[in-house]
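Below is one structure, written out as structure tokens, with a few remarks after it.
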Amino acid sequence: MKGRTVKLKEAHRGNGAASVCSIIWDNSGGLLVTASSDDSTAFIHDAVQPAKPAKALRHHREGVTAIALNPTFDTLASGSIDHSVKLYSFPDGEFQSNVTRFTLPIRALAFNKSGSLLAAAGDDDGIKLIATVDSSISRVLKGHNGSVTGLAFDPKNEFLASVDGFGTVTYWELSSGKPVHTLKSVAPNCDSDASRLNFLSWSPDGETLAVPGLKNDIVMYDRDTAEKLFTLKGDHEKTVCFLSWSPNGKYIATSGLDNQVLIWDVDQRQDIDRQKFEERISSLSWKPNANALAVIDVMGKFGVWENPVPSFMRSPTDGANNHQSRTGNGLLLFEEDDKKSSHSGSLDEIMEESHGDSIPVSSKRLRKHSLLDKSDEDSDGFLEQIVSRKRSAKSKEHLRFGGGTEECESSVRNVRPKLQEAFQPGSTPVQVGKRRFLCYNLLGSITTIENEGYSHIEVDFHDTGRGPRVPSMTDYFGFTMAALNENGSIFANPCKGTKSMSTLMYRPFGSWANNSEWSMRFEAEEVKAVALGTGWVAAVTSLNFLRIFTDGGLQRHVLCLDGPVVTAAGFRNKLAVVTHASDCFSSGDQVLEVQVFNINGRTQLIRCRLPLSPGSCLSWFGFSEEGQLCTYDSQGVLRMLTNQYGNSWLPIFSASKAKKSEDENYWMVGLNANKLFCVSCKSPNSYPLVMPKPVLILLDLKFPLACSDLGADDLENEFIIRNMHLYQILEKIDENAAAGLDTTALDDEAFDMESAIDRCILRLISTCCNADKLVRATELARLLSMDKSVKGAIKLVTTLKLPILAERFNEILEERLLNESKGVSNNSSVMDVNKAVVISNLSSSQVFANAEASKKDKNGEHEENKERKELCGNRSNEAEKSQAATIPFSKMSNNHDRTEKVIKATEKELNKKSSKEEEKQLPVKGGGTGNSSSIEAVNQKHCHRPINPFAKSSNKLEKTSTSLLDSIKKMKKLDK
């Protein structure tokens with residue numbers, strides 16, 4: 001809390017007890033109107049000359065409980081405990097008329113946008129809609145069970161929102177006078193406290209309704225659906241009793257029973273300042289043309305809080321609509337306001353106006369026609385008169401969209417959705433008086449806190465044993481963005497000073513030189529995003545320049561980008577930059593483009609569109625630990641860029657399916673091949689605080705798959721994820737082979753991944769068999785990479801007594817072996833293959849007899865030839881064993897147990913395949929006999945990978961085979 005305090009002075013002297021007090025500004029910000037339920041007099045104060053006596057309005061016999069100014073600020077309405085509503089001219093305060101009388105006290109008043117209607121309610125039954133032109137009652141809205149304490153017309157004249165003392169909120173459709181949404185007991189129950197009233201308020205754009213919640217918070221509801229959007233929950237220790245939107249809708253002020261007033265940044269959902277008072281604040285009002293907030297407490301003392309929004313943040317009046325004073329009666333005001341508002345809405349509203357009454361009424365998202373846009377057969381003569389005069393005054397040529405008028409073109413430009421502003425991945429918003437993150441990634445974090453005109457920056461690594469601690473830094477530049485990698489950190493700030501200078505500074509973590517830190521300054525050019533790589537530093541500026549420096553500070557390149565930058569990220573020699581490709585769509589969706597550069601090679605690797613979920617924005621951008629480019633949007637969808645299908649994006653995670661509760665959201669930190677690293681935040685917080693230290697959680701990557709009829713979503717997800725990883729490994733093999741680098745380790749990794757995929761496929765085949773999805777099982781069998789896996793699948797389906805499927809799998813194996821045998825020149829090898837094919841189709845008894853005979857023949861062969869045949873993968877022997885193994889399984893009665901045993905045996909065989917192949921290949925070199933061409937053919941046959949539609953075909957298969965054989969030979973030498 002700031003050290004300054006707001007001084008209050010007495011406006012109303014009551015009986016010493018708490019009362020309901022009200023305060024409002026006029027449009028010029030020069031006058032304040034106050035009232036109290038303990039005082040029958042309302043006052044108009046001169047805010048410019050506080051010493052000047054206030055003008056008293058003494059026309060009520062009892063306390064004034066509600067006041068309201070019409071949108072043109074020439075009429076003041078007041079309601080009282082004496083059951084009356086009165087109108088005064090403003091600002092002179094001359095009494096005009098008694099509008100209406102109730103049988104019980106008045107509690108709430110509200111003018112609609114045009115000032116033609118005044119809503120009044122209280123302890124009486126029903127809300128009265130009063131036509132200000134002749135003070136007649138147009139309609140009475142009934143539905144509340146308790147006293148109505150709060151009223152608010154939406155700025156688009158379609159709804160009236162009301163709240164009663166029991167906490168029930170109702171949306172009333174003005175065109176029909178019927179309630180369209182009723183939210184029971186969503187606000188606190190204040191029916192028993194006469195000094196406290198429930199209150200609600202529409203945002204200036206009319207899209208959100210703010211209501212005090214039950215948990216010392218403020219709840220935001222959607223305009224059309226009345227669905228809960230989000231909550232503002234901070235340091236209020238007791239219930240919120242009043243709230244007020246800033247003129248531009250970016251901030252909201254709230255007062256609570258804890259005597260505190262909090263200022264909130266609605267976009268960030270964070271309180272940015274607060275003030276504590278001696279008594280509870282009963283009412284708040286933002287100054288329409290300045291950064292000031294008027295307050296009045298329950299004892300009738302009022303004052304003005306100057307600069308409630310910190311000066312370095314956006315002003316609460318920036319972007320607000322200016323209300324110009326007009327003359328005339330209420331009906332004339334309505335017509336003038338409507339003419340201007342007809343071109344001030346959204347694109348949908350312009351189209352709606354141009355089509356008139358032909359658009360049907362909808363209760364959601366399709367905008368309803370308001371009371372003032374269509375006539376109601378049940379309405380009284382006054383309302384019909386209003387509609388008739390309104391329509392006669394309109395010119396259809398001016399309302400037609402695309403008519404070429406400057407007014408219509410200007411309105412379309414004004415309502416165009418805003419482009420997403422530039423941001424730094426891993427950073428959090430400014431928090432007054434609190435430390436925040438400039439950068440947070442898998443390596444460490446950079447934090448800063450403002451203190452008396454300068455900031456204190458600290459760099460911390462997650463691995464404390466990495467090396468010596470990086471010394472903290474005193475920041476006199478006001479850095480707002482940073483990036484961090486193993487070599488150093490880069491900082492930048494927005495334009496400052498009279499020359500509008502932006503500063504870029506690089507700090508290496510280690511160097512042989514003493515003064516290795518450097519900085520650059522840009523005049524009339526602001527740094528928007530920064531990135532780091534191996535040996536280079538990049539900064540993207542407001543002039544759409546991409547500036548590239550060496551880590552020593554040498555300026556190497558300056559490139560021009562096609563649009564405003566959104567963010568940037570670096571990984572080794574790769575730099576990725578996101579820019580706006582065009583203006584937003586009318587729906588508000590961003591149109592973004594990503595470019596990936598090879599800094600060392602001075603080439604552009606990728607240029608493509610960046611997809612986002614509908615209605616979302618980009619919230620994180622970066623590389624995985626393996627160097628894969630990824631994005632994360634505000635809807636919680638994580639995407640990875642792949643070369644498959646021509647640089648397409650794969651959705652590898654969806655927060656909506658992973659989060660455990662609706663109020664949970666994930667703040668992205670980074671990812672590796674299998675896991676997502678993030679921080680779990682509870683709504684309304686969308687980002688972590690520095691203290692307490694954020695706790696990283698690990699989530700499995702999971703494609704948003706459809707619900708399969710197999711009920712094996714995890715297996716299907718594993719299958720797709722592993723195939724994606726295999727494709728990436730094969731890509732790296734090609735890259736390393738093209739560069740002349742050793743690919744042995746990657747070959748082993750690819751082999752292990754293929755084995756894991758085969759094990760997953762075998763489980764899926766088992767699931768398909770149990771679900772009687774035999775066609776799908778056949779498709780899966782064709783995707784098996786290894787011959788042994790196909791034989792394992794044959795064992796599996798034979799155990800499950802599916803002879804037709806076993807025959808299909810045998811055909812697949814036959815086709816595969818025949819295709820492989822085409823590259824073998826040795827006739828004996830071809831004969832062995834044909835023998836294996838024939839044996840695979842024999843009956844069980846024939847297979848057993850042939851297997852016994854084959855074993856006897858093998859015992860009489862030469863040891864060296866035997867080892868060579870084992871290296872070649874003796875198809876006949878393995879096929880015989882495969883068929884012979886089916887005999888004992890056919891005696892089992894429980895299909896489920898047999899399936900599990902076969903799968904386990906197959907997995908065990910696949911896991912040991914690498915060691916067995918090494919044992920089989922080691923004697924080859926020492927043999928000294930045999931056909932060399934046959935051995936080469938066998939080696940080629942052994943290392944050949946069957947076709948996998950998910951795997952990328954490699955042009956370096958021969959090199960891969962040679963490197964794998966060479967590594968085995970080296971291992972033999974080491975053993976000797």
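These residue numbers are counts, starting from 1, taken along the chain as shown.
Note: Cβ is positioned from N, Cα and C throughout, glycine not excepted.
Per TrEMBL, these features apply:
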type     : residues : note
COMPBIAS : 853-881  : compositional bias 'Basic and acidic residues'
COMPBIAS : 894-922  : compositional bias 'Basic and acidic residues'
DOMAIN   : 16-304   : domain 'WDHD1 first WD40'
DOMAIN   : 421-705  : domain 'WDHD1/CFT4 second beta-propeller'
DOMAIN   : 715-817  : domain 'WDHD1/CFT4 helical bundle'
REGION   : 337-363  : region 'Disordered'
REGION   : 850-976  : region 'Disordered'
REPEAT   : 57-98    : repeat 'WD'
REPEAT   : 141-182  : repeat 'WD'
REPEAT   : 233-274  : repeat 'WD'
Based on DSSP, tally up the residues of the repeat 'WD' (233-274) by helix, strand and coil.
0 helix, 23 strand, 19 coil
Helix-strand-coil residue split for the repeat 'WD' (57-98), DSSP-based:
0 helix, 23 strand, 19 coil
Just to be sure I understand, if DSSP states are collapsed into helix, strand and coil, how many residues of the repeat 'WD' (141-182) fall in each?
0 helix, 23 strand, 19 coil
Helix, strand, coil: count each for the residues of the domain 'WDHD1/CFT4 helical bundle' (715-817), based on DSSP.
88 helix, 0 strand, 15 coil
